[in-house]
Amino acid sequence: IFEHPAGGYKKIFETVEELSEPVPATVTGRIPSFLKGSLLRLGPGLFEVGDEPFYHLFDGQALMHKFDFKNGQVTYFRKYIKTDAYVRAITEKRVVITEFGTFAYPDPCKNIFSRFFTYFKGVEVTDNCLVNVYPIGEDYYAVTETNYITKVNTDTLETLKKVDLCNYVNINGVTAHPHIERDGTVFNIGNCMGKGASLAYNIVRIPPTQKDKSDPIEKSKVVVQFPSAERFKPSYVHSFGMSENYFVFIETPVKINLLKFLSAWSIRGSNYMDCFESNELLGVINHQSVESGGQGEYIDHKFRGAPINLFHHINTYEDQGFIVADVCTWKGFEFVYNYLWLANLRTNWEEVKKAAMMAPQPEVRRYVIPLDIHREEQGKNLICLPYTTATATMRSDGTIWLEPEVLFSGPRQAFEFPQINYQKHGGKNYSYAYALGLNHFIPDRIIKLNVKTKETWVWQEPDSYPSEPLFVQTPDAVDEDDGVLLTIVISPGAQKSGYMLIINAKDMSEIARAEVECPMPVTFHGMYKP
């Protein structure tokens, strides 16, 4: 396990400028000929406006990165997304719209009356789409977790338009982790106002490209609704699972206190982070629904488990009457985002390690959910899949207690930002997952995990900070891991401080790298566009 006493990782949280035109990269090794498209990535790029800092990892303004592959050559390009949050900040030289962990103070130039009326109108929700990019129909959208998504031109990286999903479907916001089927149908989840003025979660379906060229978003529909365990406190939801016939939604004890969100916001100067709380009595509740004929049906069995934070589902599949859900968890109910303030991430290595000692511990887990349940089997393990030690036990109150199988665990070593061969194995039985290794929250390696044998392989280099690895399948691939991983690595000490790395997904060896001379900040998620 690497140590980082030099603190080079601080560089990945520094402001950079956008580029006016693509720059050529220096290629070492050989770029596989089947790579012909673009690697698109999103993350924060502007960490302060004037002398006002952004405080949280999820506050910096959205910067879109692109590596283009053409005839064995590679170019790099990046542009800020011209969101309302960005444009107004740049124009007024201050933080204008409240971000995840940064409060935007009212305009000092306005008098007390006009300030009061601005408050009265309510909150301006941020459109800072720094988390991911994905296709809807023929279009591409940069996204965060609010109701706003931003249409972008993936060739020029121009910002096209801001779309408010509230205009089309009952949702307060959707995740940055949709599931996309082969025909282009998009499924996503978000919280909403349910029946009887209590909160719920809706799964939304956006159809693929329309024959009449109309916008698929206009035809968005809710397919199923999950109730919220607490009426006014929905859980924070970052992603969900989808197998061939089922959606799996895990409700965690990290709650959004909606009343706090609506009242405190305007008066006290609070931000999104202030509205999270943990319900220490609540473990996790596993919800599932079956989708048949386009309309979902909620299955009302109460599956429960010990408290966890959960951001990323790895994969979900059905096998012999069971649903297998593999997830990246953090043990306990304290919110992991409490450890992602930029001030924490920019401290010296010993301090970074000390903070991570206090945080929930990461673990890759496999939960198995039985589909066929009989009340009389109280106290007995309902799982009879030969290859897993995960259990499900009916308790006297009718709830079913889930104990997971641990697939990967290392002290303060997280297997996060997971990816699989989604094209072939999304929602199906599979063997391999790939991830970014976080060492005390600092990204310093790429890991491959065999979920069946628990064997791992690693790519890492000293003072190098990679990003989420995206899997691209070799054309005519036979094996599940026949392909490459694409990741952006930042190596602050090197002459060329950033590069796109291509790794052989079979043995985790380097195939090629494309280096550029401009510094790059951290990126979260992205996609390979063929």
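First residue shown is number 1, and so on along the chain.
Including glycine, each Cβ sits where the backbone N, Cα and C put it.
Here TrEMBL flags His177, His238, His312, His525 as Fe cation binding site. The Cβ neighbour count for His312 (Fe cation binding site), using a 10 Å radius and every protein chain shown, is 19.
Spatially close to His238 (Fe cation binding site) yet at least six residues away along the chain are Glu145, Thr175, Ala176, His177, Leu310, Phe311, His312, judged by Cβ distances under 8 angstroms. Around His525 (Fe cation binding site), taking its Cβ as the centre, 22 other Cβ atoms fall within 10 Å, counting all chains. Within 8 Å of the centroid of the Cβ atoms of His177, His238, His312, His525, where the record puts Fe cation, the same chain has further Cβ atoms from Val131, Asn132, Thr175, Ala176, Ser239, Phe311, His313, Phe417.
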